[in-house]
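**Student:** Got a structure for you, written out below as structure tokens; questions coming shortly.
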Amino acid sequence: MKQVLPLLALLAAGTAVAAGPAGSDGKAPAKPALSAASAAAVPYAVANCFNCHGTDGKTSAAIPPLAGRDRVYIEETLKAYKSGAKPATIMHQLAKGYTDEELAVFADYFSQQK
Amino acid sequence: MSQEKEFTLPGNARTADDSLGQATVNSGRRRLLGALGAGAAIAAVQGAAFAAVRKPKSIGRVVIIGAGFGGATAAKYLRKWSNGSIDVTLIERNKQFISCPTSNEVLGGNRAYESLVHGYDKLGKNWGVKLVNASATAVDAEKRRVRTDTAGEFEYDRLIVAPGFDFNFASIEGYDEKARERILHAWKAGAQTLALRQQLVDLPDGGVYALTIPKAPYRCPPGPYERASQIAWYFKQNKPKSKVLVLDANDKIISKEKLFLGVWEKDYAGIIEYTPKWNATGVDAASNTVISELGDRLHADVLNLLPAQRAGDIARAIGIVNVNDRWADIDWITLESTALKNVHVVGDALSAAPLMPKSGHMANQHGKAVAAAIVEIFSGREPQPTLLANTCYSLVDDKRAIHVDSVHRYDPEKKQPLVVAGSGGVSSAPSVEEGLYTRAWAETIWKDVLA
């Protein structure tokens, strides 16, 4: 089942909403879409990545940091993991759990962390 | 939404303040700022990180019982994602956080015990969480109050229960308090981790170590197999005639089966002996003998018993244990108990969704999910389901590790998160690279939870 997470779609204002908002696959979001103005300010699901890459992508351990990295690099790398083009120990498996729109939101979020 | 209320119970404010130099100052300033009105306070905090002097008006109060991977994460992320506008009180009976993940390495002699031990102080200093070192003893759901043994009572708008698991010791007859002094579980990291390590060190070469595994679900599905691997590695280096007997109540190795079997065949042949469908239901402590459901008896020099598990006792006391008399059922959008309103559950204590392990990593994800839901609720928005991801790394010797991972997405029809088809999987083979990532994972998640 491919369903854009409603919240994320809203958060990605410029990207996901324009590309095809929540429910565009025929599946209505759990509730009538919230107005963008009332949507949460954080794409919460990005915290799926913090356990390994550090809170907000900040870490100095062996798993690479993501904070402040180039948005396009992060996004393209994630898509390459997802397609199998880029080999990895684990990211090729994790990336397959997210839609391309979500990966773009994550890339955007990390690129903006200082 | 709830307005800012002062804690009305004298024991509460005092204790919270006593235990926290920094937060004492903060809470005084918060009261002051609260009086200036919401607009001023919120404007002051917008865009700013947590400047200790700028406290927004409170939009609600959350009390959390238990500061493990789930509870402590929830505390931090409630503060972070509300820009400090949710009051968070974290009640924990232990003075320090002791990590179960990677504690098996201590048993193998591959990690210093001290590296598992972490303070809670940064949750106060960095995030303004009010830490209370006490044991929660009861909850008055009507009045929304938590009672503690030594720190008075605490009022909440929302309560998060994160007690982890407790053993059902009665599942192994004879495993009474006296027997437990010497026959250890070491399934909650701490004094027992060190004591079991000592028993292994004291064991003469040729001695036998036996580990029993309960039927799933239990905390950390690959944990027992990792433990067997770590101890086998230690024996191989130091006591090559010793044996590791694994007595598993399950039909087979329930996590990373092929990978563990591969390592055991290649590296620990003649050391590890694995027996499935061996359900330990009794112990004769005097003779160090474990007894199976079918009446088989097995003697070992070091016995390590893992009895059946269930939600932590406080969850039972509160009345939220409503699945098989063992686990707490929740709504998967808000992680709110289906038994009690305004009470949320995270971590091992909840009744897991399909293929969702009871792991520290997953508890951390629950903590973030519940924080997001409560921030949304207190902000007057509709909480949305969020994604959850799990990874369990296991160290199979002094250097190499393997993993299993999965991504879980809420299914509106089934009303629970399900593994995204095609996502996740296991390592192709044990590797040194993943050994390094495992240690990085541990360092990083400890910080994500506590700092």
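Cβ coordinates are placed from backbone N, Cα and C, and glycine is handled just like the others.
What TrEMBL records for this protein is below:
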type: REGION; residues: B:1-20; note: region 'Disordered'
type: TRANSMEM; residues: B:32-53; note: transmembrane segment
type: DOMAIN; residues: B:61-181; note: domain 'FAD/NAD(P)-binding'
type: DOMAIN; residues: B:193-307; note: domain 'Sulfide dehydrogenase [flavocytochrome c] flavoprotein chain central'
type: DOMAIN; residues: B:387-450; note: domain 'Flavocytochrome c sulphide dehydrogenase flavin-binding'
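Structural setting of the listed features?
**Tutor:** Break the domain 'Flavocytochrome c sulphide dehydrogenase flavin-binding' (B:387-450) down by DSSP state and the numbers are 19 helix, 26 strand, 19 coil.
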**Student:** Based on DSSP, tally up the residues of the domain 'Sulfide dehydrogenase [flavocytochrome c] flavoprotein chain central' (B:193-307) by helix, strand and coil.
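**Tutor:** In the domain 'Sulfide dehydrogenase [flavocytochrome c] flavoprotein chain central' (B:193-307), the DSSP-based counts are 40 helix, 32 strand, 43 coil.
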**Student:** Could you give me the DSSP helix, strand and coil counts for the domain 'FAD/NAD(P)-binding' (B:61-181)?
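**Tutor:** The counts are 38 helix, 40 strand, 43 coil.
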